[in-house]
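Copied over from TrEMBL:
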ACT_SITE  LYS199  active site, schiff-base intermediate with substrate
ACT_SITE  LYS251  active site, schiff-base intermediate with substrate
BINDING   ARG209, ARG220  5-aminolevulinate 1 binding site
BINDING   GLU236  Mg(2+) binding site
BINDING   SER277, TYR316  5-aminolevulinate 2 binding site
Amino acid sequence: MTAAFPTRRLRRLRATPALRRLAAEHALVPAQLVLPVFVKEGITAAQPIASMPGVSQHPLEALAGVVDEAVAAGIGGIMLFGVPATRDAVGSGAVDPDGILNRAITLARDAAAGRLTVQADLCLDEFTDHGHCGVLAGDGSVDNDATVDVYAQMGVAQARAGAHILGLSGMMDGQVAAVRAALDAAGFAHVVILAYSAKYASAFYGPFRDAVESTLQGDRRTYQMSPANAREGIEEALSDIDEGADVVMVKPAGPYLDILARVADVSSVPVWAYQVSGEYALIETAAAAGLIDRERAIGESLLGIRRAGADAILTYWALEAAGWLQDGKDLA
Ligand code: PBG
């Protein structure tokens, strides 16, 4: 006699690897991954970043090699960050066509030759001596509108250098509209704006400060969002779309999957996520201590971000994960 219970056997589709693969609701392809790349002025060999095991700062001369690796891995792009030799109060190196980031953009663009997208961080924190994402007013606060003016100049400099996509990560009000207008006026109507829309004031950026050698005076809570807020993240994304953002982003990714899912539900443009330096360091250090299975944890973290609604992911594991995908390995 056959038991009438259970009538619903959800385990059926989990029985073999082939069934599980066929029944998978979400997957990633290499083209949906973007690698952040740090380019440092004045070095001649790659310098490992202590807080991000496996990640290095690269000399300008090595950038073409990094681009070739990224192309071979089939990833969708690289996101460039500049580490300048000198900084000042207003971040002059950001708008200088000879600044390290602008030079890196041109070099990467030439090396890429259309094979992947070259993206650039549009923010002042790597270029200011106080480490804030903008210029300061007399009282020491970050001056929104004065900063947005510099972002507009920086955006045009990056477009002129050859960036395909500008990553506006400064969280100033009105930055998307101002950079869009400046780009259009300067003949760069085709340059894409990726707005870091819901960007939270996060401890998970800690290792990144090492990577760009930025020492911050104070914190970023007057412009980056409070981790307590969700509705506000949706509003940030919607207003960036209104201002002309081509892509919106949620950052960090892992601790903000709820925000990612909600933004993905209402966005009329692609939604990307940034798996940040601290998310990277957590998994790397736990794996190095033998506490978790490194590859499975990486794969699961990426799949989780995808499942929550990211169309593409910025991740320091982009090359490695793309390699697994090319080999036909499952992420989780
Ligand atoms: C701003 C910027 C930051 C990151 C990306 N763009 C730092 C910050 O806002 O404090 C962090 C990325 C990471 O932690 O991996 N230039």
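Here the Cβ of each residue, glycine as well, is placed from N, Cα and C on the backbone.
Of the recorded residues, LYS199 (active site, schiff-base intermediate with substrate) and ARG220 (5-aminolevulinate 1 binding site) place their C-alpha atoms 11 Å from one another.
Within its own chain, the residue listed as 'Mg(2+) binding site' has SER197, ALA198, LYS199, MET225 as residues 6 or more apart in sequence whose C-beta sits under 8 angstroms from its own. Among the recorded positions ARG209, GLU236, LYS251, TYR316, no residue has its Cβ under 6 Å from any atom of ligand 1.
A 10 Å radius around the C-alpha of ARG209 (5-aminolevulinate 1 binding site) takes in these recorded positions out of LYS251, SER277, TYR316, in sequence order: SER277. Applying an 8 A CB threshold to same-chain residues 6+ apart, the list for ARG220 (5-aminolevulinate 1 binding site) reads HIS132, CYS133, MET171, ALA201. In the three-state DSSP assignment, the secondary structure recorded for LYS199 (active site, schiff-base intermediate with substrate) is strand. Under the DSSP three-state reduction, ARG220 (5-aminolevulinate 1 binding site) is assigned to coil, being neither helix nor strand. Around LYS251 (active site, schiff-base intermediate with substrate), taking its Cβ as the centre, 26 other Cβ atoms fall within 10 Å, counting all chains.
For the recorded positions shown (LYS199, ARG209), fewest C-beta neighbours within 10 angstroms: ARG209.
If you draw a 10 Å sphere around the CB of SER277 (5-aminolevulinate 2 binding site), it holds 25 other CB atoms from the protein chains shown. According to its DSSP assignment, LYS251 (active site, schiff-base intermediate with substrate) is in a strand. Each residue contributes its Cα atom, and for TYR316 (5-aminolevulinate 2 binding site) and LYS251 (active site, schiff-base intermediate with substrate) these two points are 14 Å apart. Look at GLU236 (Mg(2+) binding site): DSSP puts it in a helix. SER277 (5-aminolevulinate 2 binding site) falls within a helix when secondary structure is assigned with DSSP.
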